[in-house]
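If you look up TrEMBL, you'll see 1-148 marked as domain 'Phosphotyrosine protein phosphatase I'. According to TrEMBL, the active site, nucleophile annotation covers CYS7, ARG13. Marked as active site, proton donor by TrEMBL: ASP124.
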Amino acid sequence: MKVLFVCMGNICRSPMAEAMLRNELNNLNLSDQVTVDSAGTSSSQEGNGAHEGTIAKLVEHNIPTDGLISRPVSYLDFINSDLIIAMDDINVERLEKAAPASKKKNIVNFLSIVPGKETESVPDPWITGDFDETYDLVNLGMPYWIEQIKTRM
């Protein structure tokens, strides 16, 4: 199974979610069954590492940050990903416009699975400067995504 997290620049929210899910799957001995990646709907940050605020939050929680390099979403991401999790509605819309019709069903908003948060989005800390809020929301949603992934395996 392949899971792809997506935000705009792929330097804050989606790499944070990628690292957190990868870490949890490793702790659950499921990392050999699930591939986790991230990308952005914009290519403006392509080749850059994750934002220092993202790295700092992950390091604070002892989550490995290896390989977090920004890249744009590609056509092959739509073809190869079983689940494409966008961090906000704007990126859901961008992905749905770019995706082949048969793959649109794989695109969801990160918080859509979290009870009481279904209509919300993970705010972009590039704009808000609040990496704590971003981490807390991603951490809140992670157990729900792990259960969802287990049911799809």
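For all residues, glycine too, the Cβ spot is worked out from N, Cα and C.
A quick note: this is a predicted structure, and the numbers were derived from the prediction, not measured.
Ranked by Cβ neighbours within 10 A across all protein chains shown, the active-site residues CYS7, ASP124 are led by CYS7. In sequence order, PHE5, CYS7, THR54, MET87, VAL122, ASP124, PRO125, THR134, VAL138 are the residues near ARG13 (active site, nucleophile), counting only same-chain partners six or more apart with C-beta under 8 A.
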